[in-house]
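Database features, via TrEMBL:
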type: SIGNAL; residues: 1-21; note: signal peptide
type: DOMAIN; residues: 25-253; note: domain 'Peptidase S11 D-alanyl-D-alanine carboxypeptidase A N-terminal'
type: ACT_SITE; residues: 58; note: active site, acyl-ester intermediate
type: ACT_SITE; residues: 61; note: active site, proton acceptor
type: ACT_SITE; residues: 118; note: active site
type: BINDING; residues: 222; note: substrate binding site
């Protein structure tokens, strides 16, 4: 009798271990870390290296976005306020000034440029307006409030490196950040769903998200890239009342980060059935 009970316990343990293993590794993607989550059920559908600390490049801008929207909601920041773009130390970094040669912009245009074209100077300008040089501290404080782990650390408003230090996180934490952003400020998707925007000054800004218009219900969210972080992307889509969030960190090419995302979102909705 004891032997039979022991056999059953071993079998159950093996099955549970197998299930956990499948959830963590059964993803045929190029990314070093990847995951897809159900926002409806608040759970992971499939994950790969979900606790691995990775550099996140411009994915960082989602926290800046959250804090900008919070400041606007509290009346601490106005969409119509005009700000002068901060000059970036890295001339090769994606910037709004580089493509427009215009220095002064509204908060609304800076917000849009930060999300759509991933303008680093727009993000840094907004962060500086909110809390000056201490803005990364504000970001990290907010991360704790949102329930992100100690594995997440922000060093800049844009995701650019600072003195060799990089913003880092995990797919688990990035899911928490993304879901909180979408839940608290759903209007963010009105901006991230656009393939391009026209600023108040008439400048056309193209999105870095190549999947817009190719996946039904896809309406965001944010790309990222540095040499160290590789090609990153957080995608989100809603179909038949169900929303999924996909995350890929350090895909090997720009094309593959989107191919990875397509697989994840397809898997996400299949897992939601």
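Every residue, even glycine, has its Cβ placed from backbone N, Cα and C.
Computed from a predicted structure; not experimentally measured.
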- Hey, how far is residue 118 (active site) from residue 222 (substrate binding site), Cα to Cα, in Å? 8
- Note on the structure: Reading the DSSP string in three states, the entry for residue 222 (substrate binding site) is strand
- Item | Which same-chain residues, if any, lie at least 6 apart from the residue listed as 'active site, acyl-ester intermediate' yet have Cβ under 8 Å of it | 118, 120, 158, 159, 222, 223, 224, 225, 232
- Look up residue 118 (active site) in the DSSP assignment and report helix, strand or coil. coil
- Average pLDDT across the domain 'Peptidase S11 D-alanyl-D-alanine carboxypeptidase A N-terminal' (25-253)? 97
- Task: Going by DSSP, give the three-state secondary structure for residue 58 (active site, acyl-ester intermediate).
- Result: helix
- Note on the structure: Same chain, |i - j| six or more, Cβ under 8 Å of the residue listed as 'active site, proton acceptor'; the result in sequence order is 114, 115, 118, 123, 157, 158, 159, 222
- Message: With every protein chain in view, what's the tally of Cβ atoms within 10 Å of the Cβ of the residue listed as 'substrate binding site', excluding that atom itself?
- Response: 29
